[in-house]
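Taken from TrEMBL as is:
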- 57-79: transmembrane segment (TRANSMEM)
- 85-105: transmembrane segment (TRANSMEM)
- 172-191: transmembrane segment (TRANSMEM)
- 197-222: transmembrane segment (TRANSMEM)
- 300-321: transmembrane segment (TRANSMEM)
- 341-365: transmembrane segment (TRANSMEM)
- 385-406: transmembrane segment (TRANSMEM)
- 437-456: transmembrane segment (TRANSMEM)
- 468-494: transmembrane segment (TRANSMEM)
- 514-533: transmembrane segment (TRANSMEM)
Amino acid sequence: MSEEKAPARKVTLSRPCILIIVMAGVERFANKGVGSNLVTYLTGVVGMSTPAAAKSVVAWTGVSFMLPLVSAILADSYWDRYSTIAVSSLLYILGMAAITAWSVLRRRMPRPTLFLPLYLMAIGQGGYQPTLQAFGADQLGIGDKDDDDDDAEPAGLTAEEKGKVKSMFFQWWYFGLCSGSLLGNSTMSYVQDNFGWVLGFAIPTGVMALSVAAFFCCTPLYRQQTQQQQQHKGGASSKPSQSGIFKFVKSIIPSQKISLPSKDDNGDAISELELQEKPLKAERGEAKESSQDEPATPSVARVILGLLPIWAILLIFAVIFQQPMTFFTKQGMLMDHTIGHAFVIPPAMLQSSITISIILLVPMYDRVIIPLFNAVTRGTGGITVLQRIGVGMVLSVVAMVVAALVESWRLRVTNAAADGGGDAPRRLKIFWLLPQYVLLGVSDVFTVVGMQEFFYTKVPASMRTIGIGLYLSVFGVGGFLGAFLITALEMATARPGNSRGWFSDDPREAHLDNYYWFLALLCFISFVLYTHLCKFYSGKNASGK
């Protein structure tokens, strides 16, 4: 009887863990309240061109996702996660308050100064988001033996049951993020377009400040990996030492080879990873056997380097991930986004359809999708994390194909109406964009959640903030790659009288459909390479089960 009740008792999220998820959703509301409609603000209010605004938003987003890798090293090596959250949250609020102040003094402020508060906000987000996620995972309390955590709840869970708890956390974490994003996309874009940008920026700032205040008020409830807890364990550090990080970085620089797990690996790579965690955590005085310490760090380095091929392949998906905030929104501005004669739909509000599809799908994932997958494959193991990522990549290709077809149709309708004359050219309804938004939302449920779990479970427990930083850095580098692609294609497709090529501000000369076809092709090639790379990764190891 006890064996039957244990899984039901343990496969749940603790109350502090749920509180952290709610706080993460509030952070997404504040972030999306500023960023989701930013391209409209830059083009319609600040006066930037469409390509310049798109590249600015993509670069800003890229920096926001790159900085977590730096803050992760800070959280796991120099500070604890709680302290990192505390400092970065204050920078976050300061940046948002500065953006609100800039919108008030806009007419007196030079245009470049807008990016100072934006990037201050990015610095705060870079420390807040990944550390909060790792801190939330600390609240699971599943009694991980490999971590030697004496304070963890007695569990006796199997590896498969622990994997289920982790998967549940990452799914509901993403559910919380998308719930906050939904509110930010829908309400704030409407407020900004109808009641003014000052109020549209002030509301997210105030909500974020309240969220941080709630975080500090709930401090006694958290399970913290602090120095006091380390001393209670007898002086062993629960995070990698500074010298360990320096050894790890030093070992990467001269390395010329990337070691991937064997296709027939039954867990040896994970076993080796956990065995090498002890030397990484040990203090200097405890490193008595130097001959054993030296090979430890290169072993961990090989495991981390083994993640880089998957990391690189996912960059094109990260480029597609940026489209709703940039060209999808601009595409909607060129379409008829009115209902009747009174209500005007802000184009950025359609981003809410992504989060709605995610919110509806996440609760159905374990109850509908997994049983359906088992029925098709005639198995009982469900879908591995690598398979989950692959399904999302395929859906993103389909989404870009649909986006290209809709944009081609929009161009034909607009040009035909212009050639036929008339007072007002006929335009497509903005609701024709919904399929591409929904497809990207479904794609996110598979790929983004899978990426979170993959990078979290493939690193030692003492470096899990760094694992989350690696996952977020995919979107950071993907943002810079997206900006580079826009610049390169803008130059390659420029023509006399149309210096911006596919990205022309003239809706009759622009060819976003070609850009979408190009992204679909790149993502398809990435998926083919991904399927070959997966042969070197064990599905069991990748899923963390």
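Note: Cβ is positioned from N, Cα and C throughout, glycine not excepted.
Panel annotation: around the transmembrane segment (468-494), residues 51, 54-55, 58-73, 129-130, 133-134, 304, 307, 311, 314-319, 321-322, 451-452, 454-456, 459, 500-503, 511, 514-515, 518 of the same chain, lying at least six beyond its termini, place a Cβ under 8 Å from a Cβ of the stretch. Of the recorded ranges 85-105, 197-222, 385-406, the transmembrane segment (514-533) has the largest number of C-beta contacts under 8 angstroms with 385-406.
Long-range contacts of the transmembrane segment (57-79) within its own chain (CB-CB distance under 8 A, at least 6 residues past either end) are made by residues 35, 38-39, 42, 87-88, 115, 118-119, 121-123, 125-127, 129-131, 134, 239-242, 244-245, 318, 322, 325-326, 462-470, 472-480, 482-483, 486. Here the transmembrane segment (385-406) lies next to the transmembrane segment (437-456) in space: the count of CB pairs under 8 Å, restricted to residues six or more apart, reaches at least 3. Sequence-distant neighbours of the transmembrane segment (197-222) (same chain, 6+ residues past either end, Cβ-Cβ under 8 Å): 15-16, 19, 23, 26-27, 29-31, 33-34, 37, 41, 45, 82, 85-86, 89-90, 92-93, 96-97, 99-100, 103-104, 135, 138-139, 184, 188-189, 191.
Packing against the transmembrane segment (85-105) from elsewhere in the chain are residues 27, 30, 34, 71, 79, 113-114, 116-128, 131-132, 135, 197-198, 201-202, 204-205, 208-209, 212, 215-216: each is 6 or more residues past its ends and has a CB under 8 Å from a CB in it.
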